[in-house]
């Protein structure tokens, strides 16, 4: 990922939140872009901001001393200033060199979270999204899972960047043409998956760490029957929390095992 920090303002509270979030969701590496350097005349101030960012990264177990830091100005680059255009190229080179290329999970059963749905006159309904794992070939059956009863359809076309393909694999952003499916029968938050490979659930157990106020989380405790939103791939669903017997409440900063009952079924895996 690219962490953007204003050279004029230095790390802000949301900078800490972004680093923490990156750590918690498993982002493997970060590259820093110090933006708006054209507004800073003092070289020592720039060095101070860079040191602050490196310290913050180290605080959350990123290798702060080793992370590439590129100083530039996005606005000046957009205005055609060659000096700052070079900095953007330098940034992208750092991304290529420092951030590991993700491995495509192509051998497992096909699964694609649905991001958007639209109709093509005369052709049918298209679901778009990024293939999370596996492969899909034209003519193969898939299940539409989550939010409603599971249904089955056939992928009659695969399109990427306005080109028709015979198949798609993990990492591809595609549109999948679905046979005999009405526009209202598929929606964001569902998944397309190889038949029998994943099932919808409304109830699950989870081990949870509750972010503290300093980490951008809660200010107050919560109790059983608390109803937060739970995020799954491309959607969020309300769930009712049940705390373990004998646990009256959970404070920010606590670890807890809880049972959650969702108000709609979602494709969930361990």
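A Cβ is built for glycine as well, from the same backbone N, Cα and C atoms used for every other residue.
Note that the structure is predicted; figures quoted are calculated from it, not measured.
Feature annotations, reproduced from Swiss-Prot:
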- 35, 36, 37, 38: GTP binding site (BINDING)
- 1-103: domain 'tr-type G' (DOMAIN)
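Counting Cβ atoms from all protein chains shown, residue 35 (GTP binding site) has 22 others lying within 10 Å of its own Cβ. Cβ atoms within 8 Å of the centroid of the Cβ atoms of 35, 36, 37, 38 (the GTP site) belong to the same-chain residues 6, 7, 8, 34, 39, 40, 71, 72, 73, 74, 75, 76, site residues excluded. Across the range of the domain 'tr-type G' (1-103), the DSSP-based residue counts are 54 helix, 13 strand, 36 coil. Counting every protein chain shown, 18 other Cβ atoms lie within 10 Å of the Cβ of residue 36 (GTP binding site). When Cβ atoms from all protein chains are considered, those within 10 Å of residue 37 (GTP binding site) total 21, not counting its own. Taking Cβ-Cβ distances under 8 Å and a sequence separation of 6 or more, the neighbours of residue 38 (GTP binding site) in its chain are 73, 75, 76, 84. For the domain 'tr-type G' (1-103), the model's average pLDDT works out to 93.
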